[in-house]
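Peer 1: Just lifted these from TrEMBL, have a look:
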| type | residues | note |
| --- | --- | --- |
| DOMAIN | 4-108 | domain 'Cadherin' |
| DOMAIN | 109-217 | domain 'Cadherin' |
| DOMAIN | 218-322 | domain 'Cadherin' |
| DOMAIN | 323-427 | domain 'Cadherin' |
| DOMAIN | 428-539 | domain 'Cadherin' |
| DOMAIN | 563-660 | domain 'Cadherin' |
| TRANSMEM | 675-698 | transmembrane segment |
Amino acid sequence: CRAAPERLRYAIPEEMGSGSVVGPLARDLGLSTADLPARQLRISSEKHYFAVSADTGHLYVSEHLDREEMCGDSASCSVSLEVVVQNPLNVFHVDVDIKDINDNAPVFSEASVDLEIGELILPGTRFPLEMAEDPDVGSNSLLSYQLTENPSFKLEVKEIPSGKKLPELVLKAALDREKQSSFQMVLTAVDGGSPARSGTVQIRINVTDANDNAPVFGKGTYEARVRENVPTGSLVLQVRATDADAGSNGRVSYSFSNVPDAVRAVFSIDSDSGDILSVGTLDFELRKEYIFGVAARDGGGLGGHCQVHIEITDENDNAPEITTLSVSSSVPEDSPPGTVVALIKVRDRDSGENGKVWCELEGESPLSIVASSGSSYKVVTASALDRERASEHNVTVVASDRGSPSLSSRTTLSLSVSDVNDNAPVFEEAAYSAYVSENNAAGAAVLRVRARDADAGANGRVSYWLVGGSAGEAAAAAAPYVSVEARSGTLYAQRSFDYEQCREFAVEVRAQDGGSPARSSTATVRVFVLDLNDNAPHVLWPTAATPGSPGSSSVVSGPFEVVPRSAEAGYLVSKVVAVDADSGRNAWLSYELVQATEPALFRVALQSGEVRTARAVSERDAARQRLVVAVKDHGQPALSATATLHVVLAESLQEALPALSERAAGAESPSDLQFYLVLALALLCALFVLSVALAVAARVRRA
């Protein structure tokens, strides 16, 4: 909508029927018909004289317009409207001038006037008559008076200080009661409208004996100033008329002269003293002045008139009135400073300094109030809004006038701040660590990550995803190790972990909200696989062992060792070498001699697995010895393996052959057969080397 700081003004005559078009309001504001539903063009006013068509945007009359009822006797009459549009919020001011039409005829307060005139009254004597009242204004209320023809009386019009015309009956010729004791005439008041309207009053004159002095007021116009809200019964003004006659002809009584009911409702006049008293509430805001006539009449029927002008002075008796024209139900938190959130109108019915109003906001809030056109104010955002800090702001608008003492009014505005997706999810920890024992069940929960989003609704609803990670070469070629549940953030194992294949791995978890566009953050989850004692020791020498179940052993047959019979105690026979794929205590190995042909002849080092002689070899010891060594780890429960070592006590290989032959003849087990096969292979190799050496030596000797 275009900027319209000027006031739109329309003029219409009063008495227009309901539904009559005043003017094309939407077009004058620069709005097209297609914009009307979105802009919500409407009128904000206390009195609903006018309305706006939702289809055409025309301003039309919604109630009967009576200028005299709306504005009284004011020279001008206009209705001020405030037109509000939304999206964006703005207000425009429209004035509709109500033009007067001649819809009221002049009216006299009474249908007839009785005058008593003494027969001795001299020609030229004036008798003031009652003025007619016409509620219209301007030319429609300009009155002229006409009197029916009469040989004894004529009509003259006198203009009084207020600008009104006072009709006066003037005696043209001397009266003779004996010839004619009464007269009847008709006074007609005609206004200046087109067509003209008129009103009449019948004048009846009774000719009496000598009462030759009429009451005379001390002033033609009495003026007084009185403050509004004076107590009932207070003296406002005193009028005084004197009559030179004596007796009843000189006794004066006072009365109102053709005054409207509005005057009689607030003033009364004492018929004897001429005191004008307040009998009703005087309200400056309803009426600022009263102008009316007062008549004085003596006992002989003669009368006089004066004008009374009472001005009402204002007091600060009205607090400012605050009207909320429009208020936004909610404002996005990313609204820029200066966004209009509410439009209010302030009105003080007092005038002058008492009617000057200023507004402010109570308390601390990110809002401020700025003056708009006329008496309107805008409540705007003064700084950035943050729904996460305050989702609602309750501000109090205080309107105070400049009277003494000052009066003020308050109204509370409630503003809801709607959420926008301005916060990314935040993990409770930047990095998570989880410890899982190997051989876990697939699908077991590993860890739960949690991220919080300060936004609301879908903007604060967090979902979790895996975005990558590392688990070494072994894991790279395998299926994913973990998965994450989108809603809860719980990580589940996708497979059973094996410490010996992967000791730790890391994944990145992304937390993403449901806003548009979505915001996200990531956290690293490092999973450490804890070792279990699930691997038995593996014998590398004398031979590889077949692992057994926890607490059990496996038997391994191996090669033989030749120990000379001259060996002393501590002679190194062999060394059992074993490894354990586990780690830590589960991989700590100890060696123990569990079976031997001569248990006292050999010993095994607990930590190194070295097999040594425990004493010197004697001739009584058997030539062939069989040793079984157990290798055990320190896990819970412990796992173990065994290795079998064959020892031949002989000074040389040739000496050991008979013992080996005996062993081969009596061998029944696959282990003994293996021993003999290895021994035969060694002998064949030795013979082959000896043959080659002899052949080379023979050639050298021949050469």
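Placed from the backbone N, Cα and C atoms, the Cβ positions cover glycine too.
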Peer 1: Find the average pLDDT over the domain 'Cadherin' (4-108) in the predicted model and report it.
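Peer 2: Averaging the confidence scores along the domain 'Cadherin' (4-108) gives 85.
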Peer 1: Residue counts in helix (H, G, I), strand (E, B) and coil for the domain 'Cadherin' (563-660), per DSSP?
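Peer 2: Taking the domain 'Cadherin' (563-660) as a whole: 12 helix, 41 strand, 45 coil.
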Peer 1: When the domain 'Cadherin' (109-217) is classified with DSSP, how many of its residues are helical, how many are strand and how many are coil?
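Peer 2: DSSP composition of the domain 'Cadherin' (109-217): 4 helix, 51 strand, 54 coil.
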